[in-house]
């Protein structure tokens with residue numbers, strides 16, 4: 001471990017550095033567009049120390065209220081300033097067990113950093129970049145994820161089943177295991193991590209980082225059963241027979257399509273399929289790995305969220321000559337993180353905004369193009385965003401051989417269908433209260449299967465709340 | 001991980017494996033399938049269940065060794081481990097007393113017909129199994145199907161055994177001669193298509209077990225999109241059984257050919273790596 005030199009800034013120097021955020025070291029845009037390595041390289045210790053000194057340590061602490069899990073942000077930054085990086089990581093983990101993940105994939109600009117007092121006049125403090133730095137530092141220098149480094153608690157005698165190994169489930173499992181409960185996780189796929197493994201690409205979230213989080217949770221004594229489709233192999237009722245409580249964090253995994261002509265042509269993928277083939281199955285390493293993928297020459301990705309950005313940038317890295325991002329509203333309404341949009345533009349993704357697909361054109365069963373109409377923004381709709389309206393006669397075809405539909409996901413019906421007394425809403429999601437309790441006693445739920453597709457940190461936050469309520473629930477069982 | 005407990009070569013390209021999977025065996029019903037990954041670099045492929053044995057905690061799988069995964073599985077021996085097996089996926093075939101049923105198994109499709117036919121027989125049906133091949137030596141599963149069938153009818157292209165012609169001809173004869181109330185076909189898409197076309201004029205309900213390309217098998221990826229009655233459905237979670245008269249067969253067959261080029265590349269690489277080195 002290199003010795004940490006604490007810089008001593010003069011008042012003038014501090015005034016100066018507060019003006020601009022410490023830049024994030026990145027791979028060159030041209031080079032990275034052709035490899036799957038992580039785009040951002042991460043802060044050095046010097047970068048983190050500089051950035052920590054930008055924090056005003058203000059009394060209002062608005063950044064904390066901007067965080068869905070209320071990470072003690074000023075406190076962890078103060079520890080960085082002292083050079084105690086491992087202490088800072090532990091401080092974050094009091095509230096967020098997966099900082100290495102959240103530091104990379106959270107939309108900080110609309111959460112903590114949007115509330116930063118410094119951001120009113122200057123650029124806000126780069127909270128996410130520091131979060132990532134201390135989490136990575138701890139992983140390398142502190143003997144792995146600290147989730148696995150607690151003293152073995154006294155066994156409570158209670159058993160909890162956690163369905164799904166994505167962010168919500170991982171947090172529930174870690175929290176409950178630390179309280180002495182015996183936790184078994186059930187994963188439908190062959191690898192734990194949920195969307196962190198099948199969905200978010202390597203270049204944005206290296207799988208080794210997810211694996212270290214999973215390993216940390218295993219080190220707590222959590223048993224992870226892969227290849228176990230709950231709803232098929234075991235019903236929730238059967239789990240309730242073997243466990244004292246069940247948490248469902250199965251995510252929102254059902255891909256949606258536009259229902260336009262040509263969507264079943266060869267070469268049309270859901271973003272879920274495109275990303276799962278690439279990330280989970282490692283199709284980018286085909287034929288070293290057996291799973292193939294069409295490495296399109298010209299690819300259109302339909303949608304404007306983070307998953308659409310991931311799909312477009314994945315297509316580029318697979319070797320596409322041109323990648324179009326087709327989105328029906330304008331840049332302003334684009335729901336993806338600013339950083340992802342910025343990276344996508346830098347890498348050369350061709351944004352076709354205010355453009356709406358109406359048909360996928362084919363020949364002999366294969367995609368040959370995507371027919372679109374141009375849109376203009378009209379009056380605001382119920383979401384408050386200006387409603388896109390078709391411009392008559394503006395139809396045109398973008399010639400592509402691959403189309404990736406990234407227009408959102410719905411609720412997978414396997415668990416609701418096999419659990420008749422579990423209340424679901426009209427969109428098919430499980431109804432759970434603020435604490436994660438469902439209509440079924442002993443069954444809790446959280447993350448995308450309750451909210452519909454959202455963010456990693458919201459799922460992690462829901463997991464933490466549910467873990468607390470499950471613990472409380474189990475404790476009342478003791479009294480009874 | 002699932003251990004190979006038994007292996008039988010049914011035909012040079014058809015291998016039956018008995019696999020240890022007690023939890024799935026306890027839950028699986030006739031007509032369901034599993035998703036299998038042979039090894040750590042393997043692809044996930046769906047395989048129908050040829051045997052479901054909760055009593056000894058095993059499943060029977062029959063693979064036709066045409067792709068990399070099926071070849072890897074076919075090359076496994078007793079005691080080897082299959083990296084992953086997940087299921088039971090999909091819906092079970094609806095088993096009830098239909099009356100006189102005809103079951104058509106084409107190639108590897110005769111194997112998954114076994115648990116379905118057995119269940120139909122136990123439900124009180126009169127079961128006619130119909131199998132066919134180019135010639136007598138390529139026929140498989142005749143003996144097994146005979147265990148529960150009231151009759152097993154055989155056709156060969158060259159007439160070396162049974163009726164000279166196609167299984168659809170045998171089916172038509174059976175319909176004309178004795179009447180058939182319900183038909184099920186499992187096999188290559190082209191065979192299921194022609195069985196469905198044969199029964200349509202008679203208005204006989206015809207079930208088919210579709211085999212589109214899949215990845216997860218749980219409804220997450222949508223690779224297995226099929227069009228049934230003009231509606232897009234997922235083969236994995238809505239199927240695998242569908243009404244054969246409503247299936248868009250041409251779409252299914254086109255989509256099955258998506259990775260033909262890549263499959264060739266993968267197969268060449270696999271064949272090279274499999275050539276035994278000189279000792």
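Note: Cβ is positioned from N, Cα and C throughout, glycine not excepted.
It should be emphasised that the depicted structure is a prediction, and the values quoted were computed from it without experimental measurement.
For the domain 'FAD-binding FR-type' (B:1-95), the model's pLDDT averages out at 96. Annotated domain 'FAD-binding FR-type' per TrEMBL: B:1-95, in sequence order.
Cβ neighbour count for residue B:62 (FAD binding site) (all protein chains, 10 Å cutoff from its Cβ): 28. The secondary structure of residue B:62 (FAD binding site), as reduced to three states from DSSP, is extended strand. The annotation FAD binding site is assigned in TrEMBL to B:62, B:63, B:64.
Residues or ranges marked as [2Fe-2S] cluster binding site by TrEMBL: B:221, B:224, B:236. In the three-state DSSP assignment, the secondary structure recorded for residue B:221 ([2Fe-2S] cluster binding site) is coil.
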Cβ-Cβ distance under 8 Å to residue B:236 ([2Fe-2S] cluster binding site), same chain, at least six residues away: B:46, B:89, B:90, B:214, B:216, B:217, B:218, B:219, B:224
Proximal to chain A - binding-site residues among B:63, B:221, B:224, CB under 8 Å: B:221
Under 8 Å by Cβ from residue B:64 (FAD binding site), same chain, sequence gap 6 or more: B:13, B:14, B:70, B:107, B:108
Neighbourhood of residue B:221 ([2Fe-2S] cluster binding site) by C-beta distance under 8 A, where only residues 6 or more apart in the same chain count: B:214, B:215
Residue B:224 ([2Fe-2S] cluster binding site), number of other Cβ atoms within 10 Å: 27
CB within-chain contacts under 8 A for residue B:63 (FAD binding site), separation at least 6: B:14, B:15, B:17, B:47, B:70, B:73, B:74, B:108
